[in-house]
C-alpha cells in the first residue's frame with residue numbers, strides 16, 4: 001500500500017525496483033503480464049519451504065520463458081506494438097507453497113476493502129493496483145498444477161503447463177482452464193501398452209512411486225490394459241515416499257513371486273529407479289527383469305550409473321523433443337552483469353561455478369570467490385534441460401492466442417485497444433488458446449485437443465551395451481498416436497535377437513484349447529482336442545460334422561476318406577478266384593450236358609430241371625462280381641435282383657425234384673397210378689412259380705425303396721480319427737439282406753425236409769440220396785454263415801468280412817450242388833460211356849414194384865449187381881415221364 005507523498009502513511013511501499021515483495025519472484029514490465037511457475041528450488045526439509053537450487057529444472061526453464069518473451073517482443077509479426085511482461089514465481093517443488101505463491105496472480109481480481117484503513121492525516125489510503133495476470137505458464141509437477149489450477153479456474157485465468165503430465169488434468173470439467181504443451185501420461189501409458197503388445201508380452205507387473213505422477217500413470221496403464229485386453233497385471237506395487245531400510249529388496253522379492261512376469265512397467269522418480277536397479281543387482285537378478293520406463297527415466301544417466309548391466313535392455317520413453325540452439329547461445333551469454341532481472345541468477349552462479357559471491361554469498365565454507373568473469377559452458381559443463389523447448393512453446397502458445405484475440409478485438413489498432421486494455425476475458429482467451437496451431441521452437445506442431453492436451457509424440461529408447469562395453473541410450477522407435485518400433489535395432493543381454501518372453505503361459509499348440517485360470521485371463525492350461533473334436537477357437541473344441549474328421553493339426557475338419565472293396569484286396573481275391581473256378585466248372589457241366597443231351601444219364605437226371613439248377617448255380621457264382629463291383633445305382637439294382645435269385649433257382653429246382661420223388665413213392669404205396677404234375681413241363685411250371693415269388697418280392701422292394709448308394713461313416717468310425725473311413729455301399733441293410741435271402745433259405749429248408757422224408761427211398765432210385773447230402777451240407781454252410789455275418793457287425797472290418805463271407809457261402813453252396821449232383825454224371829459220361837446206355841422200358845407199376853422190392857432184395861443179399869437196377873429205374877422213370 002502506498003499513500004500520497006504529501007500525506008505519508010505508515011504503509012509498506014511497493015516500487016518498481018526489487019523490494020522485499022519481489023524477493024522470491026521476477027517481474028518484467030509489459031502491456032500484458034504473464035505469470036510463470038517454476039521449481040527454482042527443491043522441497044525444503046523440516047518445515048522450511050525451499051531447499052537447494054535446481055540449476056536445470058529451475059533456472060534453465062525460467063530463463064527459457066524470459067528468452068521466449070524477448071523473442072516475441074522483438075517479433076514484428078507476433079503481437080506488434082505490444083510488449084509482454086512476466087511475473088515469475090518459485091514453487092519450491094511443493095504444492096502447498098505454490099498455492100500460496102499463486103495467490104499473487106489473482107490479487108488484481110480481488111477487491112480490497114479500505115474502509116478500516118486510514119493514513120496518519122485521516123485521509124483514505126490509495127491502493128496501488130497489482131499487475132493483472134492474463135495467463136500463467138506452469139507449473140512443472142502435476143501435483144502443483146492441480147493445486148494451482150483449482151484457484152486459477154475460479155478467476156478464469158488460463159494456464160499452460162510445460163511439464164505436467166498427470167492424466168486427471170485432462171478432465172475438462174474440473175480443470176477447464178488448464179492446457180499443456182506436453183502429452184498427458186494417458187498417451188504415455190498407451191505408448192507403453194503398445195510397446196508391451198509389440199513385444200508380445202501379456203503378463204507384466206507395474207511399479208510406481210507414491211504420488212500423483214506414479215500412481216496416476218500406473219492407473220492409466222492398468223485402465224488401458226482392461227479396455228484393450230490381452231495384457232494382464234501380475235502385481236501392482238508402490239514405492240513409499242519414505243521407504244524403510246530393505247524396502248527395495250522386499251519389492252524385488254515380491255516381483256519374483258510372479259517370475260513369469262519379467263516385464264516391469266515403471267512410473268517412478270529417478271531416485272526410486274536407481275534404488276530398484278540396485279536392489280535387483282544385489283539379489284542377483286541381472287538380466288531377469290525387462291524394464292519399461294516412463295519419461296521420468298527417459299534417457300537420463302543418473303539412474304543407471306554403476307549398474308549398467310542390470311539396466312541393459314531397458315526400454316524407456318520420452319516426449320519427442322529437440323534442443324533449441326538459439327537458447328543455447330542465449331544462455332551461454334548470460335552473466336552477472338547482463339542478467340540482473342533474474343533474482344536467482346547469483347545463486348545459480350555460485351552453484352554452477354562452485355564459488356562464493358562476497359560475504360553475503362549463500363554457499364558456506366571456504367570456497368573460492370567468484371570473479372564474475374566465468375562463462376557458462378566454458379568454465380562449467382552445460383547441457384540444455386529437456387523441457388526448455390516446451391517452456392518456449394507454452395509462452396508462444398499464449399502469445400499466439402493473444403495475437404488472435406487482438407486481431408479480433410482490436411483489428412487495425414496499433415498496440416492494445418481499450419477493449420483489451422480494460423479487461424481480457426479469460427474464457428475468450430482460453431478459446432483462442434485451444435484454437436492455436438503453429439510450429440514450435442523445435443519445428444514440431446503445437447496444437448491442443450478439446451481437453452487442452454497436446455498430441456502424444458514420443459521417442460522410444462533402449463539402453464544398450466555395445467561390443468566395446470560402452471553403454472548408451474539408442475532410439476529404437478517413436479510413437480505418434482501409433483507405435484513405430486524398429487525391432488531389428490533392439491539388443492538384449494543374452495545376445496539372442498529373438499524377443500524375450502514375459503508371458504504367464506506359453507501359447508497352446510495347434511489343436512489345443514486354452515482353459516483359462518479363473519480371474520487371470522492371461523494364464524491358462526492347454527487341453528488337447530480329443531477324438532473327432534477340432535479347435536474351433538482359441539478357447540473351444542467342437543465336434544466335426546459326422547462325415548468329417550479333424551486334420552492333422554486339429555485346427556479344422558477334412559472329409560473322411562471313402563473306401564470300397566477293391567478288386568486287388570485279399571478279401572476280394574479269394575472269393576473271385578473261387579467264383580471263377582465255379583463258373584468254369586459250371587460252364588463245363590452245361591457244355592457237357594448239351595453235348596450229351598440225349599444220352600440216358602442226361603435224360604435220367606431230368607434235363608429241363610438240370611438246366612434250371614445249373615443256371616441257379618451259375619448265378620450263385622456270378623453274384624460275387626456284383627458284390628465286389630463299385631457300388632452305383634446299376635450295380636445296386638442288379639445286387640437286389642441276383643442276390644437271392646441264384647439260390648432261388650437252385651433250391652426251387654431241387655425242391656421240385658424232391659417233392660416229385662416224395663409224391664411218386666407216396667402215391668406208389670397207395671395205387672399204381674402216377675401222381676399228377678410229374679412231367680417235365682409241370683416241373684418247370686412249378687419251379688418258375690416258386691422263382692416268381694422271389695422276383696415279385698424284389699420288385700416290391702424296388703417300388704418301396706428305390707436302389708441307391710450310401711456312404712456309411714459309422715461302420716469304420718474308429719477311436720482314432722486318422723483310421724476312420726467312410727464305406728461306399730448299396731443301401732441294403734442287414735434286415736433287407738436277410739429278407740432277400742430269406743425266401744431262398746425257406747426253399748432250402750423245405751427241400752431239406754423233403755430230402756429227409758425221401759431218405760427211405762431205395763438208393764438205387766434216381767437222385768434222392770445225393771440231393772439229401774447236398775441239402776445237409778448246404779444247411780451246415782449257412783448255419784456257419786449266420787454267426788460269422790452278424791457276429792462281425794461291430795467290427796471295423798465289417799464290410800470286408802461280411803462281403804467275403806456272403807460270397808464264399810454262396811459259392812460253396814453252389815459248389816456242393818455242382819459237385820454232388822453233376823460231377824458224378826459228368827464223370828460217367830466222359831470216362832465210362834459204357835454205363836451211359838439205355839435199358840429196357842417197363843411200366844410205372846413195374847418200376848414202383850421193383851423199387852419197393854429192391855429194399856427186400858438188398859436185405860437178402862440180392863442176386864443182381866449194384867447199379868444195374870438203379871440205371872434201369874432212372875432210365876425207365878425218365879421214359880415214363882416223357
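Cβ coordinates are placed from backbone N, Cα and C, and glycine is handled just like the others.
Feature annotation from TrEMBL assigns compositional bias 'Basic and acidic residues' to 861-873.
Under the heading domain 'G-protein coupled receptors family 3 profile', TrEMBL lists 571-845.
As annotated by TrEMBL, region 'Disordered' applies to 857-882.
Annotation comment: TrEMBL describes 571-591 (among others) as transmembrane segment. Same-chain residues lying 6+ beyond the ends of the transmembrane segment (571-591) with a Cβ under 8 Å from its Cβ atoms: 565, 611, 614, 617-618, 620-622, 624-625, 627-628, 800-801, 803-804, 807-808, 811-812, 814-815, 818, 822-823, 826.
Taken from TrEMBL, the feature transmembrane segment applies to 611-631 (among others).
According to TrEMBL, the transmembrane segment annotation covers 637-656 (among others).
As annotated by TrEMBL, transmembrane segment applies to 677-704 (among others).
The annotation transmembrane segment is assigned in TrEMBL to 735-756 (among others).
Annotation comment: TrEMBL describes 768-790 (among others) as transmembrane segment.
The transmembrane segment annotation in TrEMBL covers 810-832 (among others). Listed as Cβ neighbours of the transmembrane segment (810-832) (distance under 8 Å, sequence separation of 6 or more from its ends, same chain) are residues 575, 578-579, 582, 585-586, 588-589, 592-593, 596, 599, 601-602, 605, 610, 613-614, 616-618, 620-621, 623-624, 646-647, 650, 654, 767, 770-771, 773-774, 777-778, 781-782.
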Practice problem: State, in range form, which of 637-656, 677-704, 735-756, 768-790 has the highest count of Cβ pairs under 8 Å to the transmembrane segment (611-631). | Solution: 637-656
Quiz item: Counting only residues 6+ away from its ends, which parts of the chain sit with a Cβ under 8 Å from the transmembrane segment (637-656)?
Solution: 609, 612-613, 615-623, 626-627, 683, 686-688, 690-691, 694-695, 698, 701-702, 707, 730, 732, 737, 740-741, 743-745, 747-748, 750-751, 754, 771, 774-775, 810, 813-814, 817
Quiz item: Sequence-remote contacts (6 or more beyond its ends) of the transmembrane segment (768-790), Cβ cut-off under 8 Å?
Solution: 654, 657-658, 661, 734, 745, 748-749, 751-752, 755-756, 758-759, 761, 801-802, 805-806, 809, 812-813, 816-817, 820-821, 824
